[in-house]
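Copied over from TrEMBL, here are the features:
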{"type": "ACT_SITE", "residues": "C79", "note": "active site, nucleophile"}
{"type": "BINDING", "residues": "W119, K156, Y157, T158, V159, E174, S175", "note": "glutathione binding site"}
{"type": "DOMAIN", "residues": "199-323", "note": "domain 'GST C-terminal'"}
{"type": "ACT_SITE", "residues": "Y222", "note": "active site, proton donor/acceptor"}
{"type": "SITE", "residues": "Y280", "note": "site 'Lowers pKa of active site Cys'"}
{"type": "SITE", "residues": "Y323", "note": "site 'Lowers pKa of active site Cys'"}
Amino acid sequence: MISLFHKPILVFGTKKQQLIQQVPSKHFIQMARSSLDEMSDSGAFIRTASTFRNIISRDPSSLFPAEAGRYHLYISYACPWASRCLSYLKIKGLDKVISFTSVKPKWERTKETDEHMGWIFPASNTEEPGAESDPLNGAKSIRELYELASTNYSGKYTVPVLWDKKLKTIVNNESSEIIRMFNTEFNDIAENTDLDLYPPHLQAQIDATNEWIYNGINNGVYKCGFAKKQGPYEEAVKQLYEALDKCEAILGRQRYICGSMLSEADIRLFVTLIRFDEVYVVHFKCNKKQLREYPNLFNYTKDIFQIPGMSSSVNMEHIKRHYYGSHPSINPFGIIPLGPDIDYSSPHDRERFST
Ligand SMILES: N[C@@H](CCC(=O)N[C@@H](CS)C(=O)NCC(=O)O)C(=O)O
């Protein structure tokens, strides 16, 4: 049960402030240890904020300067938040200067001494296709990385984790901030510097779009799936389908969600849409309508999937094995539904908006 909340920590301050923010405050003592515990008294799912909020800067004198080879991104292919960071690595051409490792898809016990279930690295690189053992710290779990970075951490052990090899600590574990850094701060060493997914003229529109898409769709599917009472579930489903209907209408008029150019808001929307029919329809009870019943949204999802680099950020095997296998309160026997096995590389109709 969460009884204390705090505002997200935005750290753009001095070096001293940045270091202070690496140490979680005492408020985290009562925080949830996993998303399965993030529940209000009314039975609604309430996500807690991320803890490590340092910023990598293109300024060489900053505490965390953008340097080739210095940072490592720990992800799970299953996780939509981590996947948006991986998408940025791929489409910005940063994967040669920022290395990454994916954990195993299914949560396991992270320690023998307690019951916590979480992300685990495979013992070898052949154990689990797509997953690799931790090349930097030899950690067995994502939990161990948090414990290396902070001695009194008591929040959730989430991915993504952006790790600094030099200072041996977590720079940031909030995907919405990691993607902003990847978009701009590494442009001196990125291969695709021309791609700006958060250009000044679109920033207000992207921010506003992110807001309703996060509430209704990205986090909305979790609110549907993790609700423990009928009322909050129904409220979440209503909001989800209002937001999907709104997207469908917008995408009937233009190629991308903020207009004629690809933006951050598209990548953030995509990671939820690509999981929708394979997982959320069944596992999170989002079955009022499937993605395939929305012609614009479905074709749009294929369009984004087919952007060079994007498909390599999607590992459907990991996605399905994670969700269906890691939430025993929702799917006690861990059975993985076989369908629908959609081919997102098949033709779409979105070129009709190109000039
Ligand atoms: N605010 C975080 C959320 C990340 C998050 O919730 N990740 C999930 C996986 S999809 C996680 O690692 N959960 C671990 C747990 O709940 O114990 C972000 O966007 O970066």
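Glycine residues also receive a Cβ, built from the backbone N, Cα and C atoms like all the rest.
Feature map: TrEMBL annotations on the structure.
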residue	record	Cβ within 10 Å
C79	active site, nucleophile	25
K156	glutathione binding site	23
Y157	glutathione binding site	21
T158	glutathione binding site	22
V159	glutathione binding site	23
E174	glutathione binding site	22
S175	glutathione binding site	25
Y222	active site, proton donor/acceptor	19
Y280	site 'Lowers pKa of active site Cys'	25
Y323	site 'Lowers pKa of active site Cys'	24
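Here the CA atom of C79 (active site, nucleophile) lies 11 Å from the CA atom of S175 (glutathione binding site). Annotated pair Y157 (glutathione binding site) and Y222 (active site, proton donor/acceptor), C-alpha to C-alpha distance, rounded: 17 Å. For V159 (glutathione binding site), the nearest neighbour among the listed recorded positions (C79, Y222, Y280, Y323), judged by C-alpha distance, is C79.
When the recorded positions W119, K156, E174, Y280, Y323 are screened for a Cα within 10 A of the Cα of the residue listed as 'active site, proton donor/acceptor', the ones that qualify are Y280.
If you compare every pair of Cα atoms in W119, K156, Y157, T158, V159, E174, S175, the residues listed for glutathione, the longest distance is 17 angstrom. Recorded residues T158 (glutathione binding site) and Y280 (site 'Lowers pKa of active site Cys') have their alpha carbons 20 Å apart, per Cα-Cα distance. A distance of 22 Å separates the Cα atom of Y280 (site 'Lowers pKa of active site Cys') from that of E174 (glutathione binding site). DSSP assigns V159 (glutathione binding site) to coil, not to a helix or a strand. When the C-alpha distances from Y323 (site 'Lowers pKa of active site Cys') to the recorded positions C79, W119, K156, E174 are tabulated, the minimum falls on C79.
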